[in-house]
Amino acid sequence: MKNTADITVLGAGSYGTALAISLASNGHRTLLWGHDPEHIENLKRDRANEAFLPGITLPDLLVPEADLATALAASNNVLVVVPSHVFGLVLEQAKPLLREDSRIVWATKGLEPETGRLLQEVAREVLGDKYPLAVLSGPTFAKELAAGMPTAISVAGTDESFTQDLVELLHSSNRLRVYANDDFTGLQLGGAVKNVIAISAGMSDGIGFGANARTALITRGLVELTRLGEAIGAQASTFMGMAGLGDLVLTCTDNQSRNRRFGLALGKGQGVEEAQVEIGQVVEGYRNTKEVYTLAKRLGVEMPITEQVYKVLYQGGTPHEAAKSLLAREKKSETEDSE
């Protein structure tokens, strides 16, 4: 089937729209599908996503599309950018509409709710082994990407030619640098764990602790990410790159991060539900915490920071209790396998 678009993006939230804007600005005809027809009509009328990225004009090559069948028929390249808790559901909806030559990449950051499975496992369960798969991950705030500010990300997949095609599609000399990576597993994990650590950094700052504590959490958070990654077969070196250290530093230190702001609100004494309402958008780290905690427990991987965030979010603990517990841990060498 002939392409009428270079790529179709599923998910018209802030990040999906930002990626679609970047692709269209790079000269690629891009279809952007969203589950809410009214939202898509607003995009068509306003030529902007005023709900999530106000004030940023959609390029002419970006085409909002409310019909999923039309969107998936337009291109064999499909970029999924939806919250992790609906990732499987969207793939189920897309499955009967995919082309024979479809190739699936996602920028969703997270694991499967309840099970803690990687999204590649979810994709394989829904789609089988028929389609090439890839993941896009790295330190990106949607607003900056949409505004054309310099950004760098990584992409890895099951098919080398698909990975290289994605690099060519996404890379832009003046706005987006794309690095190919061969660690499909590692790139998926980094995007989930960094959200958990960002909540912890936000809680620390909300309590009133300083830069020393925040930096310690980032550093030890990287240790936790690497430890869990190695347990599932990822490469430790991946977590020193864009999808590990890069995403971790960005999300833990800048208030554009919803996860960091969520943690800040908790640290200042707000309850979990109250803090979520204040953010006003999906806080991926809330679900990611349970997902990562579940995976770590299943594998027997020690992740003290993640465990304390889990206790605050799901077991009624407080940020002060979490800090006290972490500080009271047994003294150990920095280079020991466990903290």
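Just so you know, the numbers here start at 1 and follow the chain as drawn.
Placed from the backbone N, Cα and C atoms, the Cβ positions cover glycine too.
Record check, Swiss-Prot: sn-glycerol 3-phosphate site residues include K109, G138, T140, D247, S257, R258, N259, and the candidate from K194, K290, K297, K311 also listed there is K194.
Between the candidates A66, A69, A142, A231, Swiss-Prot assigns the NADPH site shared with S14, Y15, H35, K109, R258, V282, E284 to A142.
Between the listed binding-site residues, namely S14, S257, N259, the fewest other CB atoms within 10 angstroms of a CB are found at S14. For T140 (sn-glycerol 3-phosphate binding site), the number of other Cβ atoms no farther than 10 Å from its own Cβ, over all displayed protein chains, is 24. Recorded residues S257 (sn-glycerol 3-phosphate binding site) and H35 (NADPH binding site) have their alpha carbons 24 Å apart, per Cα-Cα distance.
As a whole number, the greatest separation of Cα atoms within the NADPH-binding residue list S14, Y15, H35, K109, A142, R258, V282, E284 is 22 Å. Other Cβ atoms within 10 Å of the Cβ of K194 (active site, proton acceptor) number 33 in total over all chains. Residues K109, G138, T140, K194, D247, S257, R258, N259 are the ones the record ties to sn-glycerol 3-phosphate, and the longest Cα gap between any two of them is 16 Å. Set side by side, the binding-site residues H35, K109, R258 differ in how many other CB atoms lie within 10 angstroms of their CB, and the most is found at K109.
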